[in-house]
Structures are given as C-alpha cells and as structure tokens.
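Per TrEMBL, the features are as follows:
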| type | residues | note |
| --- | --- | --- |
| TRANSMEM | 75-97 | transmembrane segment |
| TRANSMEM | 109-128 | transmembrane segment |
| TRANSMEM | 149-178 | transmembrane segment |
| TRANSMEM | 184-205 | transmembrane segment |
| TRANSMEM | 217-238 | transmembrane segment |
| TRANSMEM | 258-281 | transmembrane segment |
| TRANSMEM | 293-321 | transmembrane segment |
| TRANSMEM | 346-364 | transmembrane segment |
| TRANSMEM | 376-395 | transmembrane segment |
| TRANSMEM | 407-427 | transmembrane segment |
| TRANSMEM | 514-533 | transmembrane segment |
| TRANSMEM | 553-572 | transmembrane segment |
Amino acid sequence: MKAQQDNQSIRKDQTDFESVASTEQLESLSYHKFSKYIKWIYQLDSLGIETRGIERVSPEEREEFAKSKSTTIQLLEVVGLWWAACGGLTSMSSFFLPTLLFSLNLKDSLVCGLISMNIGCLAAAYCSTMGPKSGCRQMVTARFIFGEWGVIVVAVIAIVGGIGWSVVNCVLGGQILLAMNHSISLSVGIVVVAIISLVVAVFGIKFVLRFQTLLSIPIFVSTIFFYVDVCKKIGYVGQANSMIDDLGIDKLTWQGNWLSFFAIGYSVTATWGSCASDYYILFPESTSSTRVFFITFLGIAIPTTLVAIPATICGTIAYSYGPWLEAYNRNGVGELIFEAFDQSKALTSLLFLSLITNNIMNTYSVAFEFQLINKFLVFVPRWVWATLVSVIYIVLSLVGKEHFSTILSNFLPMLGYWISMYIALLLEENLFFRSTVTVRKFHEREFEVGSSSDSEFGVGVDGDFGQNLGQNLGQNVAKDYGNGYGIDASRDSDQELKNLYNWKNWNRPNGRTMGIAACIAFCCGVAGAVVGMNQVYYRGPLAAKIGEYGGDLGMFLAFGFTGITYPCVRYLELKRFKR
C-alpha cells in the first residue's frame with residue numbers, strides 16, 4: 001500500500017515537473033520570438049554604446065576591473081565626475097535666489113545656503129556607500145526597502161526628479177546662449193544642451209567618468225574667473241542690504257523666507273542621493289564605506305560651495321545694481337551670468353559646459369529607473385530609455401522656458417521631501433535592522449539557501465531563457481542573462497558571507513522584503529510633507545503659520561514622520577514575513 005502511494009506521489013511530482021517545464025519552454029519560446037525584433041538594438045553594443053541596464057555587477061567582475069584600474073584611480077575619476085557635475089551652473093543657479101526672490105541679506109543668504117547645502121551633501125554621501133557593497137544602482141538597492149511594487153513609485157519619483165533637473169539645465173543653457181548671441185533662440189539652446197548630453201550618456205559609465213573628469217578642469221577655471229568678476233562690484237552688497245532693511249520685514253516672515261530657501265539649498269545636493277551609488281558599482285566590495293562617504297561628501301560639497309558663494313554675492317549685487325537687475329529681469333539667470341562676466345563669451349562658454357556635465361549624469365541615471373517600473377522593460381537597453389528621457393525633457397523645457405525661477409523655487413523643495421523620506425528609511429534600515437551579522441536571523445527568508453532558486457519570471461534555473469535570449473541578442477546580453485534572468489550565479493566570497501544584505505536577491509522578489517513597512521512609513525512621510533510644504537500652488541497648515549508668505553517645513557516633517565513610523569512597522573513585518 002505504501003509503495004503504491006509512493007509511486008502515485010512520484011507520478012504526481014513528475015507530472016508537476018513536466019507541467020512547469022512545459023510552461024518554461026513556452027515562456028522561453030515566447031521571448032525567443034520577441035528577441036528577434038529587438039536584436040538590432042543590442043547590436044549597437046559593437047559601437048561602444050552601453051546596453052547593460054540594472055543588472056548587478058558581480059564581485060568577480062569588479063575584481064577583474066580592479067586589476068586594470070586601482071581603487072585610487074577610480075576614486076580620483078569619481079572626484080572629477082562630482083566636480084564637473086556640481087561645480088557649475090546647475091548648482092549655482094539656485095543660489096542667485098535668496099536675495100532676489102526671498103529678500104534675504106548676504107549674511108543670511110550665505111549662512112542658510114551653505115548649511116542646507118552641506119546637510120544635503122551628507123545625505124547623498126550616505127547613499128553612495130551602497131554602491132561598492134552591492135554592485136547595484138541606487139534605485140535597485142531600494143528594492144530591499146520598498147519591495148518589488150513599492151520601488152515602482154520611488155522609481156517614478158526619481159524619473160520626475162531627474163527630468164526636472166534636466167529641464168533646469170536646458171532652460172538655463174538656452175538663456176546663456178541667447179545672452180551671448182541674440183540671433184539664437186532660447187529653443188535652439190535647449191536642444192543643443194540636450195543632444196550633447198545624450199550623446200555622451202549613451203556610451204556608459206566608463207566614458208561618462210572620463211568625460212566628466214576632463215571637463216572638470218575648464219569648469220573650475222571658469223568658476224574662479226566668475227568669482228573675480230563678481231567681486232569687482234562687491235561695493236553694491238552694502239546698498240542691497242540697506243534696501244532689504246528698509247523693507248521692514250517682520251521676524252516671523254524673515255524666518256519663513258529663511259526656511260523656504262533652506263529647503264531649496266538642501267535639495268540642490270540631497271537629490272544626488274537618488275543616484276549616488278550608480279557611480280560606484282565598479283568598485284570592489286572591499287572598498288571602505290568611510291572612504292566612499294568622505295570622497296562623495298567632499299566631491300559634492302567643495303565644488304558646490306565654490307559656486308554657491310559667488311552666485312549668492314552676484315544675486316545680492318543684482319538686487320541693487322541696475323544693469324545686472326535689468327539683465328536678470330530681461331532673460332533670467334543666464335543673462336545675469338553673462339553680464340557679470342563683463343559679456344565675455346569665452347568665459348561664459350566654459351561655464352556653459354557645466355550644464356552639459358550635470359545633464360549627462362541625469363540622462364545616464366534616469367534611464368535605469370525606467371527598467372524598474374516593469375520587469376519586461378529590462379529588455380529595452382538603457383540607451384533607448386536615455387533617448388526617451390531626452391525627448392521628454394526637451395519638450396518640457398520648451399514649454400516652461402519662460403518660467404525658470406518658478407520652476408526652481410517650486411520644483412526643488414518637492415524633490416527634497418521625497419529624498420528626506422528615502423534617507424530616513426535607508427538610515428533606519430541599516431542602523432536598526434542591518435547593523436550586525438547577528439541580525440540576519442530577522443531576515444531568515446532573504447538569506448535561506450533555497451532562495452537562490454527563485455526567479456522573477458519563474459523560468460528554470462538551468463538558464464534556458466537566458467541562454468536563448470543571449471544567443472539571439474548578442475554576447476553582452478548572454479553575459480548578463482546567461483545564467484537565467486534573475487539568477488546571480490557568482491560565487492559567495494568571504495565578503496559576501498559577511499554582507500548584511502543578500503545582494504544576490506537583487507532580482508528575486510521572494511528573497512527580499514515585501515516593502516509593506518516602507519510603503520506605510522512613506523505614506524506617513526507624505527502626510528508630513530503636505531502639512532509642512534510651502535509652494536505657490538499649496539501651503540500646508542503649519543507652513544502658513546510662519547509669517548506673511550509661509551515657511552517650508554516639508555522636508556523636516558517628511559523625515560520625522562517617516563522616521564518615527566518605520567522602526568515599528570518594519571519590526572512587525574520582519575516578525576511576520578522573515579524578510
């Protein structure tokens with residue numbers, strides 16, 4: 001009787017196995033047919049275009065790369081990248097506003113701007129440490145907090161943020177070209193910035209690092225000259241301060257204005273946190289997190305400070321100096337910069353390059369967020385998404401080209417709200433639930449041995465799907481997917497055995513958190529942001545109590561509401577689901 005039951009059980013298991021195998025074959029065949037239509041897209045890899053998307057860079061790949069380039073050289077390249085991206089007009093543009101838009105004197109503007117900017121640098125630097133640990137893009141690591149579905153919302157927000165910054169760059173670039181040559185329309189300048197950024201971004205991380213490092217030198221030189229030219233009119237600062245004093249702004253209104261600009265200054269640098277680790281995925285796992293943190297912090301803080309100070313002085317001077325104020329009113333920040341440079345086209349052109357370097361990073365990183373929205377979008381190479389992103393921000397730039405200051409003052413704080421919530425979640429996840437190897441017991445399902453057999457698509461671990469796709473799309477895809485999509489076949493190094501995240505589960509939903517706790521805490525953070533936000537289109541009840549024009553408390557309340565909620569709900573989630 002028992003033997004008969006065993007035979008029935010074996011036959012049932014065999015039937016189940018054949019059913020699964022049949023399903024896998026059908027799926028593999030379906031993708032096999034689909035692949036022939038997109039094969040040409042991957043063939044562009046032969047031209048040097050990077051087709052690799054959100055796939056994790058394995059420890060073995062990073063070790064191999066480290067043999068050809070030392071970690072010190074890599075760090076120097078990253079410093080050049082940050083300097084080129086942060087030491088130019090994009091960062092500078094926001095710091096023209098404290099006096100011109102918020103009626104803050106020079107001292108208050110500098111104190112507020114530099115403090116907020118450096119706090120933002122701390123946030124971005126902390127996010128960057130996830131790169132060498134994981135080998136994953138920033139928003140891919142967010143899957144370990146938000147889960148498979150929650151990260152889609154975060155990815156969409158990151159896309160909006162990157163596109164928004166690109167709009168700022170394109171409009172400012174258009175203003176500068178128009179100021180230098182009035183026969184060129186603002187629209188032409190916008191398109192020029194976008195196309196150059198796209199061409200560089202599609203060639204991938206290695207090319208981006210080299211290009212940015214090279215351009216960091218002329219950008220630094222132009223910044224120094226801008227400093228010198230602005231200080232020639234330093235005598236008008238006292239007059240501007242007197243004019244502001246004559247306005248008779250009450251203390252509460254002043255505090256509200258100070259807080260509103262604080263939110264902008266913080267957002268200028270903190271928003272790098274949504275992509276900071278993208279530029280460290282080639283670093284070995286053994287790279288010191290402390291070293292990465294300080295390299296990133298200084299790499300963002302120093303160049304941003306160097307451009308923030310002259311921009312703030314320039315904005316204060318323009319408040320009282322007629323020719324500069326007329327230039328600002330006529331064609332925005334772009335013409336103000338040209339006027340401050342004594343209409344030197346050569347120096348203005350050098351500073352113009354910084355818009356392109358910043359835009360390259362936006363175009364490069366935002367493309368990956370699209371691949372997180374849906375699992376099937378992974379098969380569309382990154383360069384296609386980069387092209388789509390460029391088209392989107394060109395259109396938006398053309399639509400909003402006459403409203404640069406409005407875009408800056410309303411768009412940047414919104415980015416600060418969401419990045420504050422993300423930082424709170426990441427910080428508490430690492431400090432409370434990933435602090436030592438012993439807490440891995442709370443993540444039992446993430447680290448269980450059997451989790452390696454899970455695949456996002458449910459296809460076989462023998463890699464049939466990956467091999468078929470690889471054969472049809474080319475060697476690059478074969479390398480990325482040859483072990484079966486979602487199956488990271490790299491060996492467990494000594495470092496990986498000490499990891500506090502099981503990074504091999506980057507694409508295995510069953511081996512990561514469901515994201516319930518993060519989504520609940522994020523919603524609470526949104527409530528905090530709504531209560532404290534101070535925008536043209538909406539003023540929260542708490543923000544409205546601070547002076548005549550309100551004060552932006554959104555980022556503080558978003559961080560606080562998220563931080564208070566997450567530890568409790570995350571503990572309950574871990575206790576119930578073990579992941």
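Each Cβ is built from the backbone N, Cα and C atoms, and glycine gets one as well.
Just so you know, TrEMBL annotations never went through curation; they're auto-generated.
Keep in mind it's a predicted model, so treat the numbers as computed, not measured.
By the Cβ criterion (under 8 Å, sequence separation of 6 or more), the transmembrane segment (217-238) is not in contact with the transmembrane segment (514-533), since fewer than 3 such pairs are found. The recorded stretches the transmembrane segment (149-178) and the transmembrane segment (184-205) share 3+ CB pairs below 8 A when only pairs 6 or more apart in sequence are counted, and are therefore in contact. Of the ranges 109-128, 293-321, 514-533, the one with the most Cβ pairs under 8 Å to the transmembrane segment (75-97) is 293-321.
Ranked by number of Cβ pairs under 8 Å to the transmembrane segment (376-395), the listed stretches 109-128, 184-205, 258-281, 293-321, 553-572 are led by 184-205. Contact between the transmembrane segment (109-128) and the transmembrane segment (293-321) holds: at least three of their C-beta pairs are under 8 Å, each pair 6 or more apart in sequence.
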